[in-house]
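Before any comments, here is the structure.
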Amino acid sequence: MASVSSKIFAITGGASGIGAATCRLLAKRGAATLCVGDLCSENMKQLENDIKEINPNTKVHCTVLDVSSSSNVDEWIKDIITTFGDLHGAANIAGIAQGAGLRQAPTILEEDDQQWKKVFQVNLDGVLYSTRAQVRAMKESSSTNPGDRSIVNVASIASMSHMPDVFAYGTSKAGCAYFTTCVSQDVMPFGIRANTVSPEEVEETYKKEGFSVIEADDVARTIVWLLSEDSRPVFGANINVGACMP
């Protein structure tokens, strides 16, 4: 079983879907604290109740978080360090999708500027802001409390499939994967690992928009493994879940 016992984790997009599944599994496996950041507060109370039922010893700290704001992300991570004193791992799962098969060809003509920017602000800028703040906190904490630390960024199998559609989504997720691999080489000397998970699409919303789907728990197991000590030799990987790489 992947070891995450007694550790502190930050999860963006953690109140629903893959993020909530990751939180539940981390609690089941003994995580000390889960710091959840999500733009939508609707599911936070339910998540807190779920975690309490799974493991009453796991603390849950929920924050309304806009990952497209670097200052918002920086304050969130600073608050985690101030409140809990450390950060052992992070999963950056917050993201937004585009509907596939909804536009007439050539679909590039309907890829408008506003939609492009919105998708990139969350799916790529948000990953940059979150990863940067987490690395800063982990580097500072590891100087006084050394140990293996891990960051997992969630991209998508769509980043590899070269679909003639959803250009902003696929391109932003490809950027996420490339960025994470580069960061992994940068931070490994400081005892920080960075990896990517690229799942097939998850949940009914995406199914209605033309994607095949897998369960959130399937993706969560891979994320938690990468956050755990069991994956210590692994860094710079991009692991596909639920579908073969094209």
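Keep in mind that glycine also has a Cβ here, set from the backbone N, Cα and C atoms.
The signal peptide feature in Swiss-Prot is assigned to 1-20; the stated evidence is sequence analysis. Swiss-Prot lists Ile18, Asp66, Arg132, Tyr169, Lys173 with the feature NADP(+) binding site. Taken from Swiss-Prot, the feature active site, proton donor applies to Tyr169, supported by similarity to another entry. Summarising the annotation, Swiss-Prot assigns active site, lowers pKa of active site Tyr to Lys173 and lists similarity to another entry as the type of evidence.
Location within the structure of each feature annotated in Swiss-Prot.
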residue	record	CB count, 10 Å
Ile18	NADP(+) binding site	29
Asp66	NADP(+) binding site	18
Arg132	NADP(+) binding site	15
Tyr169	NADP(+) binding site	25
Lys173	NADP(+) binding site	27
Intrachain neighbours beyond the signal peptide (1-20), with Cβ under 8 angstroms and 6 or more residues off its ends: 26, 29-38, 40-44, 47, 50, 62, 65, 67, 76-77, 80, 84-95, 126, 130, 134, 154, 199, 202-203, 216, 219-220, 223-225, 227-231
Where the record names Ile18, Asp66, Arg132, Tyr169, Lys173 as binding NADP(+), the maximum Cα to Cα distance in Å: 22
